[in-house]
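A.B. asks: A single structure is presented below for examination.
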Amino acid sequence: MSSQGDKEPVYRDCVKQCVRTNCTGARLNGFLSAQPQYMALTGWTCRDDCRYQCMWTTVGLYQAEGYRVPQFHGKWPFARFLCFEEPASALASLLNGLACLLMLLRYRSTVPRQSPMYHTINAFSLVSLNAWFWSTVFHTRDTYLTEKMDYFCATAVILYSIYLCCVRTLGLKRPGVSSMVGALLILVFTSHVSYLTFVSFDYGYNMAANATIGMVNLLWWLCWCWQNRRTLPYWWKCGLVVMLLHGLALLELLDFPPLLWVLDAHAVWHLSTIPVHFLFYSFLIDDSLYLLNTEKLGVKVE
């Protein structure tokens, strides 16, 4: 994706000159021999380094003329830390993954395997962990592959959350319904990924698609919470989680240049979701134990 900064002639000329001077022959060998191992392992090339240096040259010119800081290749300029392209977002993604892993382990140690939702929740946790892994990788190093994996895995989490909701609200009494919904969601995911991969990687479409399925997820969970507000004392945890997740996503709309060239709206959004994992798994534990007890007593599940 091109942006105002990388369209500037001064930036383009700078990159061309840098590549011509530093990325061929003996200069290239010198760059490779001096490059830290962690930079080489994460795929940073001489051309990438030229783009990074020229980005800051262009930013300096913009600031000197009193203009607003531009974006480059669809992103704000970030101060690279070691091999991390977006240090704050990478750290926030890692912390989200660790929170998810910690609560998954707590769930497994607290809830017996016989609980009706046990395996579905474990699968959801693995899908979430995979998404946070790729989010961390993408914010560490933005490439064609890591960007696609970050976007696709994030979509998979939302779709699986819908499936989780379907199993909890319908599937325990009507397994056939949840199977059909699961097949439909797999078809939706396959179509979504195929379009973005083989037709057009349309950022606007991707955002609209995720917003749509996110709204389905939000409304379905909230309807279930409302229906069970008098019978399940922990219903509010689920309602608060889905409201927080969708409300906090609005932080991305702020879209400001990164503070200290590190902290932008996307990083703030990821940092804000870390505590939500603890509340969500608290709900899942309460609900799984409730289902287990009602199953033992032969009580109708709501």
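Cβ atoms are placed via backbone N, Cα and C, with glycine included.
Owing to the predicted nature of the structure, the values given are computational and were not obtained by experimental measurement.
According to TrEMBL, the record shows the following:
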- 88-105: transmembrane segment (TRANSMEM)
- 117-137: transmembrane segment (TRANSMEM)
- 149-170: transmembrane segment (TRANSMEM)
- 177-197: transmembrane segment (TRANSMEM)
- 203-222: transmembrane segment (TRANSMEM)
- 234-254: transmembrane segment (TRANSMEM)
- 274-292: transmembrane segment (TRANSMEM)
A.B. asks: Sequence gap of 6 or more, Cβ distance under 8 Å, 3 or more pairs: do the transmembrane segment (149-170) and the transmembrane segment (234-254) meet that?
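C.D. replies: Between the transmembrane segment (149-170) and the transmembrane segment (234-254), contact is absent.
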A.B. asks: What stretch in 117-137, 177-197, 203-222, 274-292 has the biggest tally of Cβ pairs under 8 Å against the transmembrane segment (234-254)?
C.D. replies: 274-292
A.B. asks: How about the transmembrane segment (177-197) and the transmembrane segment (203-222): at least 3 CB pairs under 8 Å, pairs 6 or more apart in sequence, or not?
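C.D. replies: When sequence-distant Cβ pairs are counted, the transmembrane segment (203-222) touches the transmembrane segment (177-197), since at least 3 lie under 8 Å.
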A.B. asks: Cβ under 8 Å, sequence separation of at least 6 from the ends of the transmembrane segment (203-222): give me the contacting residues as numbers and ranges.
C.D. replies: 1, 74, 151, 154-155, 158-159, 161-162, 165-166, 169, 188, 192, 195-196, 238-239, 242-243, 246, 249
